[in-house]
Amino acid sequence: MASSRLWFSLLLAAALAGRATALWPWPQNIQTSDQRYVLYPNNFQFQYDVSSAAQPGCSVLDEAFQRYRDLLFGSGSWPRPYLTGKRHTLEKNVLVVSVVTPGCNQLPTLESVENYTLTINDDQCLLLSETVWGALRGLETFSQLVWKSAEGTFFINKTEIEDFPRFPHRGLLLDTSRHYLPLSSILDTLDVMAYNKLNVFHWHLVDDPSFPYESFTFPELMRKGSYNPVTHIYTAQDVKEVIEYARLRGIRVLAEFDTPGHTLSWGPGIPGLLTPCYSGSEPSGTFGPVNPSLNNTYEFMSTFFLEVSSVFPDFYLHLGGDEVDFTCWKSNPDIQDFMRKKGFGEDFKQLESFYIQTLLDIVSSYGKGYVVWQEVFDNKVKIRPDTIIQVWREDIPVNYMKELELVTKAGFRALLSAPWYLNRISYGPDWKDFYVVEPLAFEGTPEQKALVIGGEACMWGEYVDNTNLVPRLWPRAGAVAERLWSNKLTSDLTFAYERLSHFRCELLRRGVQAQPLNVGFCEQEFEQT
């Protein structure tokens, strides 16, 4: 209790220091004071330390320096200091950045180190990090520390920060099948993810309604499965752009191709892939999940996932495995015959497991790891020990905290999404419901809790497209972002509300149409451009 009171006292003291400490997400350790330094936009620059492993030419940081300079001051020129009245003697016109290990051309991974320290005092203005990914997180924090007075002068307060994420996987899922999202919308989302220190873009590319992914091996999938094969697709170049744009912001791209269910859009492009449904003894003309009884199915999956494994460089692929409806399989006489030959009886979970086990073997043969939805675990599919289980069901078959207990007790790593479905909306400040979730509040040993590697906010697309995506995402997704980054003791709702309200105004200033948290105003309101 004493440590909790001390932590809250530190939070309260920091809050009283003013706008300079309205950070989101809140750092692990911070000391700040009222002493402030002026920044002159025309003079300010980011600079590599002479001993830094990263130097000019580092794509990740070179672009980040320009990006954050524009975010802080805009791209125009500012009045010269002598035109602004009194010249301030305490100035900070250089942020020195030092990175310990090289890696400017690499991709972020689950194991990437994102720690950083930020020191702003009379002697130095220094950002120190182990990796370029930590430097990116520190640059975002630095950008939020800078504030502008009513007279238009930029300041930053004396501050010391030691920061690191609580969880290594802090994700956001976008569904681009139920409604197509333009490429620009995805890129904009990646920007705001970086502002929130989220680091995994879970791209739910395809589903029953549409197949917008352009496969170079099976182009008919897109041609016959997308809403429009000209306007509503993601080309190979689009995918490359998303991956690189994300990389430059320290964000992994986790691509999901969900099977055997959620695959109706695959059928038109690959005849024979889906299971024909029967009405009595005759085909009904409708189709169900992928047909797991045919060798052709696995030949197709081998070729398709070989392509996917080469297109998406992250070590992990998301293979879905959720919500498989057995009705069509049960109606099909060929499926029934296959099950008899395999000795499955009438247990269709065994049939599902047979398909998924075969698919997992295919994907692992390409040197990939995989993430699956919780049904794969619930249905007792034999999976590799390094499989990551994503928990998404709130109460079925058990409460999601019980599910986390069971998954980790079995020795598997887990991701939590169940309480963080942002597409579900309600009147009032529902961000609080997301914020108060404690991912480790289940019965289990310390070893079990160490297997929870993070979580994801999910934005499913039944009722969300480009017209309402941004205000529904932000700042609500920020509540999940802080829960996954900050210390467990950073949990006071009043303190969170004050900072998130300020951050929402900062998002408006940055051109993000983030919805309000309650009654109030921002100095710079959002204007449609």
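Glycine too: its Cβ is placed from the backbone N, Cα and C atoms.
Copied over from Swiss-Prot:
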type: ACT_SITE; residues: Glu323; note: active site, proton donor
type: DISULFID; residues: Cys58-Cys104; note: disulfide bond
type: DISULFID; residues: Cys277-Cys328; note: disulfide bond
type: DISULFID; residues: Cys505-Cys522; note: disulfide bond
type: CARBOHYD; residues: Asn115; note: N-linked glycosylation site
type: CARBOHYD; residues: Asn157; note: N-linked glycosylation site
type: CARBOHYD; residues: Asn295; note: N-linked glycosylation site
type: SIGNAL; residues: 1-22; note: signal peptide
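A map of Swiss-Prot features onto the structure.
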residue: Cys58; record: disulfide bond; DSSP class: coil
residue: Cys104; record: disulfide bond; DSSP class: coil
residue: Asn115; record: N-linked glycosylation site; DSSP class: coil
residue: Asn157; record: N-linked glycosylation site; DSSP class: strand
residue: Cys277; record: disulfide bond; DSSP class: strand
residue: Asn295; record: N-linked glycosylation site; DSSP class: helix
residue: Glu323; record: active site, proton donor; DSSP class: coil
residue: Cys328; record: disulfide bond; DSSP class: helix
residue: Cys505; record: disulfide bond; DSSP class: helix
residue: Cys522; record: disulfide bond; DSSP class: coil
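Distance between Cα atoms for Asn295 (N-linked glycosylation site) and Asn157 (N-linked glycosylation site): 66 Å, as a whole number. Counting every protein chain shown, the Cβ of Asn115 (N-linked glycosylation site) has 18 other Cβ atoms within 10 Å. The two recorded residues, Cys505 (disulfide bond) and Glu323 (active site, proton donor), have Cα atoms 39 Å apart. Cys277 (disulfide bond) sits 17 Å from Glu323 (active site, proton donor), taking the C-alpha atoms as the reference points. Asn157 (N-linked glycosylation site) is 30 Å away from Cys104 (disulfide bond) when you measure Cα to Cα. The glycosylation sites Asn157, Asn295 differ in how many other CB atoms lie within 10 Å of their CB, and the one with the most is Asn157. Ranked by CA distance from Cys328 (disulfide bond), the recorded positions Cys58, Asn115, Asn157, Cys522 have Asn115 at the top as the closest.
Within the same chain, residues at least six positions away from Cys58 (disulfide bond) with a Cβ under 8 Å of its Cβ are Tyr48, Cys104, Val132. The two recorded residues Cys522 (disulfide bond) and the residue listed as 'active site, proton donor' have their Cα atoms spaced 43 Å from each other. Separating the Cα atoms of Asn115 (N-linked glycosylation site) and Glu323 (active site, proton donor) is a whole-number distance of 38 Å. For the pair formed by Asn157 (N-linked glycosylation site) and the residue listed as 'active site, proton donor', distance between Cα atoms is given as 52 Å, rounded to the nearest Å. For Cys104 (disulfide bond), the Cβ neighbour count at a 10 Å cut-off comes to 16, with all displayed protein chains included. Note on Cys522 (disulfide bond): other Cβ atoms within 10 Å of its Cβ, all shown chains, come to 16.
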